[in-house]
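The structure appears right after this line, and notes come after that.
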């Protein structure tokens, strides 16, 4: 198994010029594990119209658009749809993040979905860090992708 | 416990104008859990001079500098030092990422250290995803911070 | 009438994956109302080859390219043409800005035309603010759009 | 009256190296004039937790941080506080935007406050444009600045 | 011969809306002339896995993606492949940089190939400047382009 | 001579936290060698108020502000002054670019001055490439720096 991002031992942006553009979707998830202090702060803050989870959701959507700026070998892609959802799972003291990204392009949007989740989760951390620095982001992973030659993949 | 990033129920960038600039450091970590296919690909790719972990390391350093662009309520800070290390822990089939960020500013660099780890870990995923899509990023968390009124914190 | 940018009460980037790309254009305008001091400074500065209006014009063109970075739910689009014009309307003590943006995409470029006008007008303010801080930007609005399912629209 | 942004007839970024950093604040405002359709859509959309005005507010805060990227001759400044407020003034069929920006620097933050207002207002337009394209952004202007050699200014 | 980037004496982003997207490639080169001190430092630094030329190579790839942000009248293009190579030509005391960029678009990628070379060469300078400030970047030029109405061009 | 940007064989952003901020300046230059066709086009285009050299000058100023985004191991610095000058040296069929950058910081601005020159020169190329693709950018180099522990340096 070779690393596709390397050619003659050097990193490059894989040439996808000859691939036909097809519809692509990818869905990823992540979890933010809350401490009791963070959970209390989030619940207290979540009642107004400035819900911290909406801040994180927007950060995730905007983060998806910055993927090619952040990940050195990612292709810049014209995204055609981004959804990010955050849900407080209070009984498990965690926030779940899920992102779905769509495009019509020569290559897939897995990195965009993962980046959206990462940025949204980091934003949750940022807003709760005054209450507790012990939060952890975990299980950031791809759930599903479709489109392209390699077809569908599901965790 | 109030959310410091909210004022009258609305998000804002906290006013730190009157705080004195002090030396700040923060260290964070993250892990990328490898599948057997990804581990094999990483080991095969890691012998040349284009080590995939160097790509991820650079992405992490550059990611630290983009923190305020990504996290909506983060202050833009003039970073004075960034170190990112990646280590393949082969017996545990994972890559460990550690980032330390320094500044002399009115507020801390926890988010910069966490963002550096997240971007480096996402870059590892990007380079190995052709071998396996089942990798997970986990345990993204703060290890240590120092400086500022709240002083030292250690996990 | 629902807000298209919201789904189940949460903001998202609208899914346009299935829409066919078509030629799109949008034209917007804005005005910068000058004080007597600003008008005098602009006229004095406008004779050399570093005409302040050229600075603003370039800022507008570059601003159009940053639209998806600035407006959270905007789609990133591959613009195929941007024109920005600024004209000093001395008898009315104002500068008129007009921007036309073109693309071949699944969604329109109204926001790009408006953003180009806004950035150009802000740049006029920036260059004249040492002469007078009382300038106002006003009447920033869409004049015309064409292309896409909703067809032509004219103010 | 010379244009400070020009030197020998050419634009430049004014040299402020020798000025002492002082506390600076600036407050700006803007209005989005709503059509009846847009007003109805905003009221319908504003009841859930995904309030469109919160989206615009966050865009404004992030926009303030991009000012030096957008306005060619602006100095990059380490902002120490940003507040953006949006208020629906239903009886006047408009949304009012107000932004206050703070820093401790060699030059002022008027452009940052104006840019925050512009981006927030453009985001309101973006979210309501499916309901009505006839909205206008108007009265984008500085209300107050303090700090620096030129001292306080109030409209 | 008119300047295509100017219309009625004002700069604009050329309208390519009606041109058909075709496969485009461009290759550019640049040289970094080393002083003896810089050459020695590069050779000493180049043996570990953190080869300075890999840092520069990645910077070049990422730089290609920022072209439309940097060059005012460039069209934003969805790049489909980027290769950057750096080679120490020890006998001539210089580093050669070569970049090839590909897209399927209405306009060419000459500027992207040149920008990749420039950013990679600047990064070489950055890493060697502690050893010697006397390095020079030279012969930054296009070698080849193909695709589009004007067809192939070779130096 | 070790490479300061490497630590234990890995690239890092050098820690300058403990260095005192001092006034720093750097001046760099570059040349764009014109073909006869490019020279003719530049002279024809240079008579209007949209002088191509002003476009390049602005691109250079904005480029200086993007240095830390482009060069992986550069520190983000709050620039306090940027001047970029372009001059057509007709008898030598070339354009000379010179940039001076100032800051008050822990580290120098050599890279900012060089990046400003590179972006300005690339912009000259972009505007003349329809007339001739054979232009070359050459002699991009530091002329002078002052400030910091290493003191003054002059080519």
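Cβ atoms here come from the backbone N, Cα and C positions, even for glycine.
What TrEMBL lists as active site is D:126. Neighbour list (residue D:126 (active site), Cβ cut-off 8 Å, at least 6 residues apart, same chain): empty.
Listed in sequence order, D:26, D:64, D:67, D:77, D:79, D:82, D:101, D:103 are the same-chain residues at least 6 apart in sequence whose CB falls under 8 Å from the CB of residue D:112 (substrate binding site). DSSP gives residue D:112 (substrate binding site) a helix state. Annotation comment: TrEMBL describes D:73, D:74, D:75, D:111, D:112 as substrate binding site.
As annotated by TrEMBL, domain 'Molybdopterin cofactor biosynthesis C (MoaC)' applies to D:13-148.
Those binding-site residues from the list D:73, D:74, D:75, D:111, D:112 that have a Cβ under 8 Å from chain C Cβ atoms: D:73, D:74, D:111. Sorting the domain 'Molybdopterin cofactor biosynthesis C (MoaC)' (D:13-148) by DSSP state (H, G, I as helix; E, B as strand; all else coil) yields 50 helix, 45 strand, 41 coil.
Cβ neighbour count for residue D:73 (substrate binding site): 23 (other Cβ atoms within 10 Å of its Cβ, all protein chains included).
Around the Cβ of residue D:74 (substrate binding site), a 10 Å sphere holds 25 further Cβ atoms from the protein chains shown. Within the same chain, residues at least 6 positions away in sequence whose Cβ sits under 8 Å from that of residue D:111 (substrate binding site) are D:67, D:71, D:74. In sequence order, the recorded positions from D:73, D:75, D:111, D:112, D:126 that place a Cβ under 8 angstroms from a chain F Cβ are D:73, D:75. Long-range Cβ proximity for residue D:75 (substrate binding site), meaning a same-chain Cβ under 8 A and a gap of 6 or more residues, is found for D:13, D:14, D:16, D:68, D:105, D:106, D:107.
Taken over all pairs of the listed substrate-binding residues (D:73, D:74, D:75, D:111, D:112), the Cα spread reaches a maximum of 13 Å, rounded to the nearest whole number.
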